[in-house]
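Pulled from TrEMBL:
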{"type": "DOMAIN", "residues": "30-448", "note": "domain 'Major facilitator superfamily (MFS) profile'"}
{"type": "TRANSMEM", "residues": "26-49", "note": "transmembrane segment"}
{"type": "TRANSMEM", "residues": "69-87", "note": "transmembrane segment"}
{"type": "TRANSMEM", "residues": "99-121", "note": "transmembrane segment"}
{"type": "TRANSMEM", "residues": "127-144", "note": "transmembrane segment"}
{"type": "TRANSMEM", "residues": "180-201", "note": "transmembrane segment"}
{"type": "TRANSMEM", "residues": "262-285", "note": "transmembrane segment"}
{"type": "TRANSMEM", "residues": "297-317", "note": "transmembrane segment"}
{"type": "TRANSMEM", "residues": "324-346", "note": "transmembrane segment"}
{"type": "TRANSMEM", "residues": "358-382", "note": "transmembrane segment"}
{"type": "TRANSMEM", "residues": "394-420", "note": "transmembrane segment"}
{"type": "TRANSMEM", "residues": "426-444", "note": "transmembrane segment"}
Amino acid sequence: MEGENSIEKGLLLVNKEETSANTTPLLVFTTFIIVSASFTFGVALGYTAGTMSSIMEDLDLSIAQVSLYHIWFAIDFGGMIGAIFSAKSADAFGRKMTLWLAEGFCISGWLAIALAKNVIWLDLGRFFVGIGVGLISYVIPVYIAEITPKNVRGTFTFSNQLLQNCGLATVYYLGNFMAWRTIALIGIIPCLIQFFGLFFIPESPRWLAREGGDEECKVVLQKLRGKEANVMKETREIMICVDATANVSMGSLFKKKYTRQLTIGVGLMLLQQLSGSAGISYYAGSIFELAGFPSRIGMTVLSMVVVPKAILGLILVERWGRRPLLMVSALGLCLSCIFLALSFGLKGVPGFVNFTPTMAFIGVLTFNMMFAAGLGALPWIIMSEIFPMDMKAVAGSLVAITNWFTGWIVSYCFNFMLIWSQPGTFSIFAMISGLTILFAWCLVPETRGLSLEEIQLPHANILS
């Protein structure tokens, strides 16, 4: 208790000083290098949406084998393995070293997929890519949040989602006419950009401070904020919080004082995946075919709209705030799923036969647009902000594992749910999206305009 009071007093004193938060070329370049791997994350997420039928044909796979491919060796299972070690690796070796490790897995995985002669190599490749993106999924939003000033943190962190959607758009479009092996090779390009770009960007100043590099922390902040910027306030804020932290175990995370942070972090990841995002991303082409809508046209249009919607989210995250944008995005997902449920429910009903394919197309299109604009990025942004420095490793691991495990379950069950009942499947997703609105309204705090250290202040009532 005394420690918490001393942190608050110290930060209140520091907050009286003026600070400068410039957006410098180095900050922009560093963010670009960090998020370049998000492009390959997007390619991995949408890889099977346009290539599934050709993969099944070339390797003679059944629906059950395809679902097993998504379970034991696909991106979600590999992602869980990566998520288990992501936060610990980022804390032990640094953000940069963890990203280098991730790129090693991603490059190896994409090469295995591109050169696969049988299903074993295909499975192994997807598994390796999964490990890589599992590491990336935690490190990227945390790394960006730790290097950016508070007034642009949300926008810069949202660029993670923007690059993911660029990857999704690319694979959605190229899947219409390009071989799945060639698309796998394209996934390597952003990995190489990041691998070599990491040599030219600084480590996270907060990680340096935690490792005892006080002077290094200040030097890095000065480079990121510009030569004329006054970084004394920000440096002191970081040092005050770091001095009061200690290494903690997973058991410490379940203390009463962290209940709300844990509920928010885990809850948002569960709701993000249970809204059906993984299934609809993986099987968008199959949904169009089931609805009777031309898959090639649907995937092409999807490739054209997800990026502009992500750009809109990037703009609105600092203007509206995290909480309002999250609720609007969840409302859009809810309405989209209702529309999809109606389209499949009315399929074959006289008078609606000509309209249901278009209704399904609008439903999938709107779902992807609203997901890109909010719920896709915001759980990761909020996760990177709400946990204190000493809890980030254990909390980040738990939250990331929750996300990947739930996505793994949804991606496996999705095909079987569609066989069970197409209207019922999307009705369930609509209800979960509606629950997300209520969850955000009741529990999710607004962190816009606050530094990572200010969010933890008891007097701010952000997390109390």
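Including glycine, each Cβ sits where the backbone N, Cα and C put it.
Small disclaimer: the values here were computed from a predicted structure and weren't measured.
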Interface present between the transmembrane segment (99-121) and the transmembrane segment (394-420) (three or more C-beta pairs under 8 A): no
Range from 26-49, 99-121, 262-285 with most C-beta pairs under 8 A to the transmembrane segment (358-382): 262-285
Predicted model, mean pLDDT over the domain 'Major facilitator superfamily (MFS) profile' (30-448): 88
